[in-house]
């Protein structure tokens, strides 16, 4: 992909943010899935951090994938993508200075946008996996990320966890990220429209929601009315691919069908239970 075409895809993404429509992001995890999503006329795709960890490392979402590994996968996708790609940049792979490097590398990889979250990652000793960093530290990361980008069309989206915060705290964080210059606000943990409508009217930036297919938020027109421009309904395509691979290999091996769900397969083959034991035993981490 040329620099010019990268710039064009970033402009396309900004047009989505500036529209009055809510778009359903395709979960992409490799070049083939990105090409399929583009052929099916999805307006935007997302490379999730959890999916990247599964695809690249066969590991759970424990902040194990490195920046280099994530960027390599984003670069592979960027070479063939004909739709804007959002990169889930987790916590920026460190502090504000690390986040600057993350932005630089992902910009070169060709992504149209990236999300930076305020979760305390990797989890610290004795902390919960959902703990957040202090607000001033999170604001510093957003400011640093904006400073690091070269193409002004690259969108920097600040992400927070509404499930861990009160409505007032969520609004406060989102407003602070807006004031720092974030191009959009991404929220996870919105329970339903009542929850969303208590927050959205207080914000000016375009919104992105990660809903994991929550049926209580399954109304694209109503999402759009509340300023939501991008919705991520989870990574069903990836899980379906894992399930199909498992079932086909079982059939080829002659061992018959399995009752294991896609989620159960990902837990099993990412050895998630083993990592949970390690986290409890060595770090006193509580999920």
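Cβ atoms are placed via backbone N, Cα and C, with glycine included.
Residue density at residue 50 (substrate binding site): 19 other Cβ atoms are found within 10 A of its Cβ, drawing on all protein chains shown. Here Swiss-Prot flags 50, 159, 235 as substrate binding site, drawing on sequence analysis.
Annotation source Swiss-Prot lists Mg(2+) binding site at 88. Residue 88 (Mg(2+) binding site) is surrounded by 23 other CB atoms, counting those within 10 A of its CB over all protein chains shown.
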(message) Using a 10 Å cut-off on CB atoms, tell me which of the binding-site residues 159, 235 is the least crowded.
(response) 235
(request) Between the Cα atoms of residue 159 (substrate binding site) and residue 88 (Mg(2+) binding site), find the distance and write it as a whole number of Å. (result) 10
